[in-house]
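Asker: This is the structure I have questions about; it appears just below.
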Amino acid sequence: MFGRVLGRETVQYFEALRREVQARRGAKNRAAEAQNGGEDDAKTAFLNFAIPTPQRHQTVVPGVGTLHDCCETAQIFASVARRLLFRSLSKWQSGEARERLDPASVEAYVDPKVRQALKTISFVEYSDDEARSCRNAYYSIMNTFDALRSSDAFHQVASFVARFSRLVDTSFNGADLDGDGQQASKRARVDVPTYGKQRGTLELFQKMILMHATYFIAAVILGDHADRIGAFLKMVFNTPEFSDATIRHFRQRATVFLVPRRHGKTWFLVPLIALALATFKGIKIGYTAHIRKATEPVFDEIGARLRQWFGNSPVDHVKGENISFSFPDGSKSTIVFASSHNTNGIRGQDFNLLFVDEANFIRPEAVQTIIGFLNQTNCKIIFVSSTNTGKASTSFLYNLKGAADDLLNVVTYICDEHMERVKAHTNATACSCYILNKPVFITMDGAMRNTAELFLPDSFMQEIIGGGNVSGAHRDEPVFTKTAQDRFLLYRPSTVANQDIMSSDLYVYVDPAFTTNAMASGTGVAVVGRYRSNWVVFGMEHFFLSALTGSSAELIARCVAQCLAQVFAIHKRPFDSVRVAVEGNSSQDAAVAIATNIQLELNTLRRADVVPMPGAVLFYHCTPHGSSVAYPFFLLQKQKTGAFDHFIKAFNSGSVLASQELVSNTVRLQTDPVEYLLTQMKNLTEVVTGTSETRVFTGKRNGASDDMLVALVMAVYLSSLPPTSDAFSSLPAQ
């Protein structure tokens, strides 16, 4: 073990020294290399051309030179430049990577007429002194590419992709993995006829599994070069538009694939695991399934594939539970098999990839063992299972649907919008969205569905398709009735025309959020008033900070004050009081700062004397536990469930109305604030958890936020509380 670590550290130290020497050699030696580089685009010499751009706005594009940094954000330009660098691998590498790393594409990136015109342009050159910094930066970047391409880890990644491409070329029937023209015989397999079709194809979920495994292993074995391999993998997988966020998604340490029956889940894992074992040195793979009988065929097939492709000598079986593959340099890769009935086989192991087949059906205690590998930084868990929704115990992975980190990948032929329609039409097996995506190797038609239903009712939706109702599970049902939603949207009384008969008090609730992520939470603000037993919404805001600075509390307070100012401006008669509650759960100090700044903003507005100001501005005060001082914030604790119960009852009874003159400065002009609010309300669900059947309301579903809804619910709740003498009080004069 210590020898391996010492060897790895020695190689890293040698590469660091080589990069340092190359950087010192500068342009002179690199120019000489470029003359002998042939068609290797990475050996292109530095092209001296001047650009009228300050240095802080310059960027170095590998293979091109120093340009304006806007070129780095141009996806087409950046992808073409990197593609040309890695394309030379097919000319530079002989054997296994030849002509396989670059997918078929048109080579003409520039119109011929434009190309001819460019040849007539003479570029202004820097002087030797001016060009020195650009030249050094260029060769420094190119040296990193040289170090990447010359590393053994990169050769392994390139070889793995090239071998898998050849395997797909032969529809998984041949084994000419090294490009020598020799194909070993493979066992016969009854399959759909190809009708002369030579090259095979991958289903989208199969390609995604391949990409998840490749991206993660590349990041593990490349070390310092992991950030640069993304451009190469974008090219070989033909995904040039992938963003950095998408790349991070493929590198995350867990992912789940739920796929209908007979779609080639396990069948695809066999060549994937076998090629990974035979290509990546020192890799450790784990494979587990729900029963022992399910792991044995996979074990035998992987061993057979390895012996078929590489002979018997490098393949070694140990006790029927693991397979090791030996490389010429003495390194080994290993796969360990275990069933969920005996998870001790994977305890104490050190895996890089852990495949969990039919994961929905493994035992709960096995799940605990598997989840423990999430604590290992260089291990990725790939769950693969059927989309079973007949029982809650065999559908637990479906609970990941809608998670913020996008762990779940579901293969389905019915979208959520058309699910109910397909259930109602007994002959339908796919909706209009996905009907063209069905593979040719499955029989999914009305006759098949009817036959399945004859054996067992609902078996098609639960066992084959998935997405049906899970028996024994608490499904989230909409809490607001359709009638109440339509009434809230259509019937909007005028608070300006009817101000005389309405209450003269306004209630404001502020739910602050200190984040710049517009996909997460924002600040919700609601302004409500009373008309007898009804509540009327005067104003609503959904505010997001553009940056996290020391003035965040001031910006949130200004948003609240501007909303109130517009409410005051359109109503001629001044309100008697405005009662403000600022939630302090996330930060009590920030809540106090927001309340103070709201008071300052309203004081400024009062001195300006441009709108009718209320007689008093009061703030909700709370005394924290262990303190005798009341502070201007509201702590939301166990009141939330009761507040939502109260609001749902009032809303479904038609007692919550929106003003015809509803104010909103943050909702876009082309969007109706009431419709925007209804979108959040439709996501609200009631979830019952635990043996005590604890009820929890949540509106954060499918990536949507519920900030405006929470603010409205709490504003209605606070305006319904019995009046007390000490709950709301004014702040000291500023």
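Here the Cβ of each residue, glycine as well, is placed from N, Cα and C on the backbone.
Sharing the record's features from Swiss-Prot:
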- GLU358: active site, for ATPase activity (ACT_SITE)
- ASP511: active site, for nuclease activity (ACT_SITE)
- GLU583: active site, for nuclease activity (ACT_SITE)
- ASP707: active site, for nuclease activity (ACT_SITE)
- 184-190: motif 'Nuclear localization signal' (MOTIF)
- 259-266: motif 'Walker A motif' (MOTIF)
- 353-358: motif 'Walker B motif' (MOTIF)
Asker: Among the active-site residues GLU358, ASP511, GLU583, ASP707, which residue has the fewest other Cβ atoms within 10 Å of its own Cβ?
Answerer: GLU358
Asker: Checking your reading of the structure: which of the active-site residues GLU358, ASP511, ASP707 lie inside a 10 Å Cα sphere centred on GLU583 (active site, for nuclease activity)?
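Answerer: Checking Cα-Cα distances against GLU583 (active site, for nuclease activity), the active-site residues within 10 Å turn out to be ASP511.
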Asker: Using Cα coordinates, what distance in whole Å links ASP707 (active site, for nuclease activity) and the residue listed as 'active site, for ATPase activity'?
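Answerer: Counting only the Cα atoms, the answer is 38 Å.
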Asker: List the Cα distance (Å, whole number) between GLU358 (active site, for ATPase activity) and ASP511 (active site, for nuclease activity).
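Answerer: About 43 Å separates the two Cα atoms.
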Asker: When DSSP is mapped onto helix/strand/coil, what comes out for ASP511 (active site, for nuclease activity)?
Answerer: strand
Asker: Determine how many residues of the motif 'Walker B motif' (353-358) DSSP places in helix, in strand and in coil.
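Answerer: With helix first, then strand, then coil, the motif 'Walker B motif' (353-358) has 0 helix, 5 strand, 1 coil.
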Asker: Under a three-state reading of DSSP, tell me whether ASP707 (active site, for nuclease activity) is helix, strand or coil.
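Answerer: Once the DSSP labels are grouped into three classes, ASP707 (active site, for nuclease activity) ends up as helix.
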Asker: Counting by DSSP, what is the helix, strand and coil composition of the motif 'Walker A motif' (259-266)?
Answerer: 2 helix, 1 strand, 5 coil
